[in-house]
Structure formats: structure tokens, C-alpha cells
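Here the structure comes first, spelled out in C-alpha cells, and everything after it is commentary.
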Amino acid sequence: MARARPPPPPSPPPGLLPLLPPLLLLPLLLLPAGCRALEETLMDTKWVTSELAWTSHPESGWEEVSGYDEAMNPIRTYQVCNVRESSQNNWLRTGFIWRRDVQRVYVELKFTVRDCNSIPNIPGSCKETFNLFYYEADSDVASASSPFWMENPYVKVDTIAPDESFSRLDAGRVNTKVRSFGPLSKAGFYLAFQDQGACMSLISVRAFYKKCASTTAGFALFPETLTGAEPTSLVIAPGTCIPNAVEVSVPLKLYCNGDGEWMVPVGACTCATGHEPAAKESQCRPCPPGSYKAKQGEGPCLPCPPNSRTTSPAASICTCHNNFYRADSDSADSACTTVPSPPRGVISNVNETSLILEWSEPRDLGGRDDLLYNVICKKCHGAGGASACSRCDDNVEFVPRQLGLTERRVHISHLLAHTRYTFEVQAVNGVSGKSPLPPRYAAVNITTNQAAPSEVPTLRLHSSSGSSLTLSWAPPERPNGVILDYEMKYFEKSEGIASTVTSQMNSVQLDGLRPDARYVVQVRARTVAGYGQYSRPAEFETTSERGSGAQQLQEQLPLIVGSATAGLVFVVAVVVIAIVCLRKQRHGSDSEYTEKLQQYIAPGMKVYIDPFTYEDPNEAVREFAKEIDVSCVKIEEVIGAGEFGEVCRGRLKQPGRREVFVAIKTLKVGYTERQRRDFLSEASIMGQFDHPNIIRLEGVVTKSRPVMILTEFMENCALDSFLRLNDGQFTVIQLVGMLRGIAAGMKYLSEMNYVHRDLAARNILVNSNLVCKVSDFGLSRFLEDDPSDPTYTSSLGGKIPIRWTAPEAIAYRKFTSASDVWSYGIVMWEVMSYGERPYWDMSNQDVINAVEQDYRLPPPMDCPTALHQLMLDCWVRDRNLRPKFSQIVNTLDKLIRNAASLKVIASAQSGMSQPLLDRTVPDYTTFTTVGDWLDAIKMGRYKESFVSAGFASFDLVAQMTAEDLLRIGVTLAGHQKKILSSIQDMRLQMNQTLPVQV
């Protein structure tokens with residue numbers, strides 16, 4: 001059968017050139033450098049000069065011919081043109097093509113097709129299309145008859161149609177088509193072409209794959225990446241920061257799409273400190289000497305600030321010149337500064353034993369504006385030089401203060417008379433502590449004038465009779481010379497007519513007095529400068545005429561009282577021993593069960609029952625927790641992880657009830673029976689509680705997997721993280737309201753005789769209305785060791801949250817409602833500090849030691865005094881003296897009703913720089929006299945002052961103020977602070993038996 005004329009292959013002769021016009025050069029969309037897709041060729045017939053020798057079926061179908069391309073290079077092509085015969089099925093198969101691990105292959109076809117209408121006398125079966133197929137194999141296994149020449153096993157890619165066909169008189173028009181197929185999984189593949197009645201030439205076939213070229217973007221390097229199996233696939237390419245760059249967000253990756261183009265960058269790098277961007281974000285160049293860059297980022301290097309330099313590249317900070325420094329609070333871009341020069345023009349004005357110093361500002365402030373002054377006092381001996389001078393005593397007083405002065409004037413008093421002093425006025429600023437040299441100063445030498453002695457501190461009564469008083473006193477603290485004698489003034493209180501007596505000793509006997517009369521006595525010392533001031537009035541009383549008999553009885557009274565007391569103690573001891581023995585015999589077998597049950601019986605009172613007292617713990621679950629059908633539960637998302645598994649948010653829709661959000665705790669796969677029991681014990685505990693400030697149990701799922709506990713959903717999650725997220729956003733009343741809710745929940749638990757053991761802000765949940773609810777029941781005892789989380793520390797076989805736990809619970813595992821009160825005080829501190837970590841970065845052992853030494857947390861910033869006092873009440877060492885939760889609720893209610901009481905703010909500031917408060921509290925009830933108490937706090941020197949001023953009882957001492965201390969002669973600020981602090985503790989002990997007052 002004669003064939004129609006097929007489209008001729010390209011060849012050099014001019015007559016045939018019109019059949020193969022030059023290929024149309026389509027414009028390419030230029031991609032940025034480094035972002036253009038790469039194409040790797042697997043097979044290209046354009047470069048084959050020998051026979052292709054592809055397999056055709058039947059042999060009368062496709063025919064291999066030679067030709068030339070547009071550059072006159074010889075090429076091998078295939079053509080077919082059996083258009084005059086119907087039902088054509090001509091197949092052509094390439095050789096085996098190795099896949100090279102790519103998943104998707106592209107095929108570029110260049111061909112010409114003759115227009116069927118241009119061929120005369122052909123049947124209607126003439127076509128202008130052909131089909132493209134492929135067949136996968138692990139090796140070159142194809143033969144002339146295998147695989148079968150049909151669509152299955154061959155996989156069809158597409159039917160290829162030309163954009164343009166040509167007629168007999170037209171020049172051949174070359175069509176270019178690109179198709180792709182995948183995913184591929186075997187070692188290689190064959191391409192196959194099916195002709196069903198077309199007149200065409202297959203000029204060239206190219207099989208290739210695409211990949212994204214290696215690129216640099218956003219200071220990160222991304223490697224060459226093969227495209228995915230589908231045209232829409234996005235293949236992740238992990239990136240690495242370029243040299244001298246650091247990650248600023250992770251993960252660092254770029255997506256390679258099916259066209260071999262990069263898109264969707266995730267994460268980023270930026271230039272590290274000491275480096276600046278260069279070459280369009282493809283380099284991070286070191287800062288040259290003389291410049292620096294303190295922060296990572298895309299900013300440029302900056303010239304060094306004044307008085308600083310760099311000697312090497314890539315500097316993140318410029319070092320200061322010699323004798324120039326930066327303070328710790330100065331930023332890296334701050335200029336280096338130096339210490340100030342000495343103050344100028346120091347003027348002294350001496351008045352007896354006091355002094356006023358004034359001076360002018362230094363000539364050079366060192367380039368800073370934080371100038372302060374210190375005044376150093378040195379007392380000099382003899383006529384020697386500076387080596388004969390030593391620091392002044394602590395009783396020298398500086399007003400307004402000695403160190404850190406902002407004023408250029410200071411008043412100095414309580415100096416010794418006739419004494420030579422040297423005063424150094426130092427100028428310091430923020431970098432003085434950085435300098436190895438001492439601060440610069442201006443010195444002035446002065447000599448104090450003659451001065452009278454200071455006041456005699458105290459008077460003591462040695463003995464009294466019906467007509468005499470024997471008295472003694474301590475010398476003045478500042479005699480200001482040699483004491484010549486003492487003058488005593490005394491008078492009967494009812495008459496007021498004074499008499500005087502002189503003594504060269506510091507004691508005297510007053511005779512000729514009336515019996516049973518009260519006398520007022522004062523004494524003063526005299527030197528060559530004259531008399532000093534009289535001491536404060538002291539009152540003493542003579543005895544009556546019957547005093548001798550009474551005195552004898554008084555001498556025997558201790559013996560009588562001691563004997564009676566010893567007898568009473570013996571009787572009580574015998575009775576106690578007998579009672580203890582009887583109780584041990586009667587209740588010995590039941591004590592362990594009773595303590596474990598943690599309940600007491602009261603008419604009409606619901607009590608907590610420990611689920612671990614059940615022989616079968618599952619019985620407790622059935623009794624206290626409602627079983628929920630798993631079909632009613634829908635888990636939406638995982639919101640966290642717990643000790644036993646994941647914590648999820650979900651919905652609960654029970655028949656006849658509206659759908660509600662719930663929190664779902666799940667038990668992880670592979671649990672043991674003990675883990676299941678421990679997990680469900682929380683539900684057994686929670687199911688016994690019904691209070692608006694206790695997390696509500698919705699039910700449990702135990703009849704399917706996973707096992708679940710469902711509770712009400714709290715939108716704002718844990719209180720500590722919620723407060724940190726909203727730092728400073730709430731009023732004090734709102735915070736107190738949160739504390740009141742927590743206290744109300746704990747009051748309910750304590751009334752049910754339940755001890756929480758792990759009360760902390762992390763275990764308080766907050767809903768959308770800021771209602772706080774106590775949660776996490778019973779799980780802390782099962783926590784596993786986690787060295788990375790020091791919150792819980794092993795102690796006596798269990799896990800204890802040291803920072804929140806009372807001392808007796810840490811030492812003896814003695815958990816009670818009183819230990820929960822201690823933990824509640826820590827929660828108060830967490831709330832008022834907006835979620836700060838208690839005791840900051842102190843180790844657990846340091847916390848234990850500090851609490852044992854009676855140190856307590858200071859008030860958080862802007863914390864009302866009343867709230868911090870309530871915290872301190874919760875942290876009293878003796879658990880019996882801590883307030884009950886009912887008292888705490890009443891106190892907070894009063895504070896909320898009386899908002900003005902919350903405006904008194906504690907002066908201490910929260911933070912790492914604030915030391916713990918020393919709360920050493922001597923028990924005043926163990927002291928017989930006020931003097932014993934003063935000795936205990938190492939203030940015994942003031943015993944006579946207290947007694948002579950009339951402060952002889954603890955009730956009176958508890959009412960003393962700072963003015964009272966000044967009046968009785970306690971003038972040193974440190975001593976005043978120590979005594980007042982102990983008085984405050986004394987008041988606390990006196991009030992512990994009563995509800996906390998507001």
C-alpha cells in the first residue's frame with residue numbers, strides 16, 4: 001500500500017528548509033540569580049548521531065531517518081505516515097532510561113504533523129494526534145513482544161496534539177510539547193509513542209527532571225533539592241545559616257515547588273554581633289577595626305563611641321581607653337566615662353562636738369550625671385600623721401546620711417570633745433566601682449571644742465528601806481572629758497520640792513526619806529566644761545515599816561513556789577503517762593487506718609474519704625465519678641502534656657444536656673495497672689468536692705481506650721502563666737478577689753479534712769471570668785524524678801515542692817491544713833508579684849536553709865502592707881499560730897470592703913536585688929523580764945533605759961514607737977530598727993490567738 005508523503009525531516013538542502021523553520025524562541029521569565037529551576041537530562045536524542053534503534057511495532061509503522069537541526073547538526077528522527085490505511089496502531093518504544101532516584105520526569109517532544117485536509121483521497125481515520133506512554137522496570141527487560149503493546153501495562157501520559165499542522169505546500173512547522181509523569185518508584189522506565197493514523201515526524205525527544213538550585217536567601221544557605229512526585233508537591237529543604245549568621249526563628253527551611261522554584265520561606269537568619277550584611281543578604285561581613293555591632297540583626301556596624309576603641313575585626317563592643325569605664329547599667333553604645341575629680345572648696349563649721357561640712361561640685365564630672373558624695377570620718381590620735389588616724393565609731397551621726405549624698409552639705413554630730421578628726425569628702429559616680437583606684441576626695445582637718453558630758457543613760461535601784469534608797473547608774477556614753485562628779489536631784493512625787501546630793505562615784509545612798517513614799521530621781525555628770533543634761537526621770541519607792549517582815553517572806557517565796565511547782569509537775573507527769581498507755585492499748589490497731597482515712601465525724605458534715613483506703617480502688621471510682629459514654633466526647637486539640645499522658649480540649653454532649661467545653665486528661669498507652677489506679681485516683685478525689693472554687697469533675701471514661709478524666713474547661717489555664725502573660729494589667733481589688741476565691745476553695749477543702757499538699761499558682765486554674773479554682777488533686781505524690789525540673793524534690797520517699805511547702809512538712813512529712821496555709825501564703829506572693837518564681841533562682845537547699853533561719857520573702861512591688869502581713873502570718877514557724885482558712889477568708893472580705901486599707905503600700909521592692917526578710921522571732925513568753933528580752937536580741941545595753949522610762953512590762957513595750965525609743969536614748973538608727981522589728985514580732989505573737997485584724 002502506498003504511503004502518503006510524511007513530513008520530511010529537516011535537512012540542509014534549500015528546498016527542504018521551509019519544512020523545518022527555525023524554532024520559535026519563546027521569552028523566558030528570568031528568575032533572580034540562584035533561584036532559577038535547574039533541569040537535569042536523562043535522555044536527549046538531539047545529541048545522538050548513531051542509530052537510535054528503538055523498538056517499533058509493527059515494523060511497517062515507525063521509520064528511523066536522518067536529518068539536520070537548525071544549527072545543521074545531524075540528528076536521528078522517527079516518522080510515520082500510514083494515513084491511507086485504517087485502524088492504525090503503530091508503537092515506538094525508546095531504550096531503557098535510568099531514573100536516578102527522581103520521582104517525577106518531564107518529557108520534551110519536538111514534532112511536526114501534516115494537516116489531514118491537505119492529503120487527498122484519505123479515509124476519515126486520518127488523525128493529527130499521537131499518544132505518549134511510559135513503562136517502569138527495575139532493569140532493561142523489554143523485548144519485541146513484551147510488555148504487550150497496549151495501554152495496560154503501559155501507562156498513558158497524555159494525547160499529544162500539535163499547535164500547528166502543515167499542508168503539502170506549507171513549510172513544516174515544528175511543535176514543542178512538554179509533559180510530565182510520576183511518581184516513579186522503580187530503577188528506570190521506557191517511553192512509548194502510539195500512532196493511530198497520523199502523518200508526522202518525531203524530531204527529538206528529551207527526558208529530564210527538575211530541581212531547585214542551591215540558593216542563599218535571608219542569610220541562609222539552601223542546598224539543591226529535587227522536586228516532588230506531583231506538580232503541586234512542596235519539598236522541604238532545610239537551611240543553614242551562612243558563616244557569621246545566627247538563627248532568629250526556627251525551623252529554618254525553604255520549599256521547592258514542582259516547577260523547581262523556591263517559595264514559602266520559613267524561619268530566618270540574621271548577622272551575628274560584630275557582623276553586618278553585605279552582598280544583598282548573602283554575606284555577613286565582620287565589622288572593621290574601629291567599629292562594632294552590639295546586637296544581632298541587619299543593622300550596620302557603627303563607629304566606636306567616644307573614649308573607646310577596637311583593635312580587631314568583628315567586635316561586638318568597643319573596649320574603653322585606659323582609665324575610662326562603662327557602668328553595669330550602661331549600654332554597649334554608651335560612651336566610656338571616667339571617675340570625677342575631687343570636690344572643691346570644702347568648708348567646715350565646728351560647734352563644740354558637732355560639725356557642718358559644705359563643698360562645691362568637682363571640676364570634672366567624668367562625663368556622667370550620676371554624681372554622688374561619700375563622707376569618711378577618721379579620728380586621729382596624738383600629733384602623728386595619717387597613720388595615726390582610724391575610722392570613727394558607729395555612734396557618729398550623719399544627717400541626712402554618710403554615703404550616697406546628692407546634696408553638697410552634711411551635718412555631723414556625736415563627736416568626741418577635744419579630738420582631732422579628718423573628714424574626706426569623696427566624689428563618686430557610676431564607674432567609680434570599676435576603677436582600681438580609690439575615689440578622689442578633698443580632706444579637711446578639724447578639732448572639736450570643749451563640751452559637757454552626755455546624758456546619764458539609766459538609773460538602777462540596788463536596795464530600799466523605809467528611810468533610804470541605794471541607787472547606781474552607768475557613766476555617760478560620751479563623757480567628753482574626765483568626769484569630776486555627779487549631781488543627783490530627787491524629790492517626793494507628791495510634794496515636788498527637790499533636794500540635791502553630789503557623789504564622785506556612780507552610786508549614792510539617799511537617807512532621811514519617808515517610808516512608803518514614791519520619789520522622782522535624776523542625775524547628771526560634770527566635767528571641766530560644766531554639767532551635762534539630767535537623765536530622764538526615774539521613780540523609786542521606799543518600803544513601809546512592815547517591809548522587813550515582808551522582805552523575809554519574799555526571800556522565802558521562791559523556795560515555797562519551787563517546791564509546790566515540782567510536786568505539781570510530778571503528779572501531772574504520772575497522769576499523762578497513764579493516759580498515753582491506756583490510749584495505745586485501746587487504739588493502737590486503728591491509728592494507722594484513722595490517719596490514712598483523713599476524716600472526722602461531725603453531724604451533717606460531708607467528709608473526704610481517701611480512695612486508697614478502698615480494698616478495690618475501682619470501687620472508689622464507681623462511687624464518686626460518673627462514667628461517660630465515649631461517644632459523647634469529642635477531642636478537638638492537644639493543649640499540653642501531663643504526668644500520665646496528654647491533656648486535650650474537647651466537647652461533651654450528654655443526652656438531655658447542652659454541649660460544654662471540657663478539659664480531657666488521657667492515660668498514655670502501655671500503662672501499668674498501678675498507673676491506671678493512680679491516674680483515676682484524682683477523679684475519685686475530685687468527685688467528692690462541690691464548690692465554685694474547686695475544679696468540677698464532669699466524669700470519667702474507663703470502658704474504652706484511652707482512659708480519660710473529664711473536667712470543666714478553664715479558658716485562661718494555669719494562674720502563674722496567666723499572671724505573667726498579663727503582668728500589671730489588674731487592679732489590687734481584682735488580685736485580692738482572686739486570692740479570696742482560692743482561700744474559699746481551700747476553706748472548703750480544710751472543712752472536709754482534705755490536705756492538698758501541692759497548693760501553688762501552677763495548680764490554680766482561671767476561667768474567662770477570672771474565677772480561680774483549685775485543681776491537681778493527689779497527683780504530686782506520684783511524680784517521677786525529672787532532674788531538669790527542680791520544682792519537686794525527693795524527701796523521705798516522696799516528692800515535695802520545696803518552695804511552697806511548710807518547714808515541718810519538708811522535715812517530717814507532716815502535712816496538715818496548717819501546711820496548706822503556708823503554701824497559700826506563697827500563692828499570695830505569686831499573685832501579687834504576677835507569677836514570679838518564689839525565692840527566684842535560689843537552689844532548693846538554699847531555700848530550706850533560709851526558711852530554717854527565719855528568712856521570709858519580701859513584699860512584691862506595690863504590694864499592700866496588709867496583704868504582706870497576711871503572708872507573714874501564713875509563714876509563722878509554729879503551725880499552731882498560723883491563721884485558719886476561715887480567718888483568711890474573713891480578712892480578705894474585710895480588705896475588699898475597706899479598699900482604703902489596700903492603698904498602704906509596703907516599701908520593699910520585689911526582685912532579685914531585694915534580700916529575704918529576717919523574721920527571727922524570739923518568743924517573748926519565754927522571757928521573765930523586758931531585760932531578758934533585750935539581752936536575747938543583743939540590745940541589753942538599753943535595759944536600764946527601758947526600766948527607768950517605765951517600759952517594764954511586755955504590754956507597754958508592744959505599744960512603743962520610734963519616738964519612744966528616741967526619748968529613752970536609743971539614737972542609733974540600726975538599733976532602733978532592730979528593736980522595732982522585734983516589737984512588731986511581739987505584737988504578732990500577742991495577736992495570734994485572735995482572727996487576723998484589718
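Numbering starts at 1 and runs along the chain as displayed.
The backbone N, Cα and C atoms fix where each Cβ goes, and this holds for glycine too.
Annotated in Swiss-Prot:
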SIGNAL    1-33  signal peptide
TOPO_DOM  34-559  topological domain 'Extracellular'
DOMAIN    39-217  domain 'Eph LBD'
DISULFID  CYS81-CYS199  disulfide bond
DOMAIN    339-451  domain 'Fibronectin type-III 1'
CARBOHYD  ASN351  N-linked glycosylation site
CARBOHYD  ASN445  N-linked glycosylation site
TRANSMEM  560-580  transmembrane segment
MOD_RES   TYR614  phosphotyrosine
DOMAIN    925-989  domain 'SAM'
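All features noted in Swiss-Prot, drawn onto the structure.
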residue: CYS81; record: disulfide bond; DSSP (3 states): coil
residue: CYS199; record: disulfide bond; DSSP (3 states): coil
residue: ASN351; record: N-linked glycosylation site; DSSP (3 states): strand
residue: ASN445; record: N-linked glycosylation site; DSSP (3 states): strand
residue: TYR614; record: phosphotyrosine; DSSP (3 states): coil
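Across the domain 'SAM' (925-989), DSSP classifies residues as 45 helix, 0 strand, 20 coil. Distance from the CA of the residue listed as 'phosphotyrosine' to the CA of CYS81 (disulfide bond) is 93 Å. Spacing of CYS199 (disulfide bond) relative to TYR614 (phosphotyrosine) is 92 Å (Cα to Cα, whole number).
Residue with the densest Cβ environment among the disulfide-bonded residues CYS81, CYS199: CYS199, by other Cβ atoms within 10 Å.
Within 10 Å of the C-beta of the residue listed as 'phosphotyrosine' we count 16 further C-beta atoms, all protein chains included. The two recorded residues TYR614 (phosphotyrosine) and ASN351 (N-linked glycosylation site) have their Cα atoms spaced 85 Å from each other. In terms of DSSP secondary structure, the domain 'Fibronectin type-III 1' (339-451) contains 6 helix, 52 strand, 55 coil.
For ASN445 (N-linked glycosylation site) paired with ASN351 (N-linked glycosylation site), the C-alpha to C-alpha distance reads 14 Å.
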